[in-house]
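One structure is given here, and the rest of the page talks about it.
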Amino acid sequence: MSHSVKIYDTCIGCTQCVRACPTDVLEMIPWDGCKAKQIASAPRTEDCVGCKRCESACPTDFLSVRVYLRSETTRSMALSY
């Protein structure tokens with residue numbers, strides 16, 4: 001089941017989310033916006049099982065990686081005007 005995975009620019013490039021993902025949905029790509037010069041990317045969202053281990057592993061105060069389960073995404077879209 002595919003879920004929506006969003007990477008925010010608060011990512012510090014620590015790779016914790018990438019290492020926590022059991023289905024290799026995430027990978028690091030070059031980015032000049034942080035000291036680590038890399039940011040998480042989610043090129044394989046079709047493999048996301050919605051376990052949210054990436055969210056749990058994120059050390060930032062504002063989660064830099066968020067998984068929106070299919071039901072959450074649908075509900076949010078239904079409320080948009």
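Backbone N, Cα and C atoms are what each Cβ position is placed from, and that goes for glycine too.
Since we're looking at a predicted model, the values are computed, not measured.
What Swiss-Prot records for C11, C14, C17, C58 is [4Fe-4S] cluster 1 binding site, and it gives sequence analysis as the kind of evidence. Cβ neighbour count for C14 ([4Fe-4S] cluster 1 binding site) (all protein chains, 10 Å cutoff from its Cβ): 18.
As annotated by Swiss-Prot, [4Fe-4S] cluster 2 binding site applies to C21, C48, C51, C54, with the evidence given as sequence analysis. Sequence-distant neighbours of C54 ([4Fe-4S] cluster 2 binding site) (same chain, six or more apart, CB under 8 Å from its CB) are V5, C17, V18, A20, C21, V25, L26, A40, V65, V67, listed in sequence order.
For the domain '4Fe-4S ferredoxin-type 1' (2-31), the list of distant contacts is 37-51, 53-60, 62-70, 73: same-chain residues at least six beyond its ends, Cβ to Cβ under 8 Å. Residues or ranges marked as domain '4Fe-4S ferredoxin-type 1' in Swiss-Prot (evidence: sequence analysis): 2-31.
The feature domain '4Fe-4S ferredoxin-type 2' is assigned by Swiss-Prot to 39-68, with sequence analysis given as support. Sequence-distant contacts of the domain '4Fe-4S ferredoxin-type 2' (39-68) (same chain, at least 6 residues past either end, Cβ-Cβ under 8 Å): 1-29, 31, 33, 76.
The Cβ neighbour count for C21 ([4Fe-4S] cluster 2 binding site), using a 10 Å radius and every protein chain shown, is 24. Look at the domain '4Fe-4S ferredoxin-type 1' (2-31): DSSP puts its residues at 5 helix, 8 strand, 17 coil. In this structure the alpha carbons, written CA, of C11 ([4Fe-4S] cluster 1 binding site) and C48 ([4Fe-4S] cluster 2 binding site) are 19 Å apart. According to its DSSP assignment, C48 ([4Fe-4S] cluster 2 binding site) is coil.
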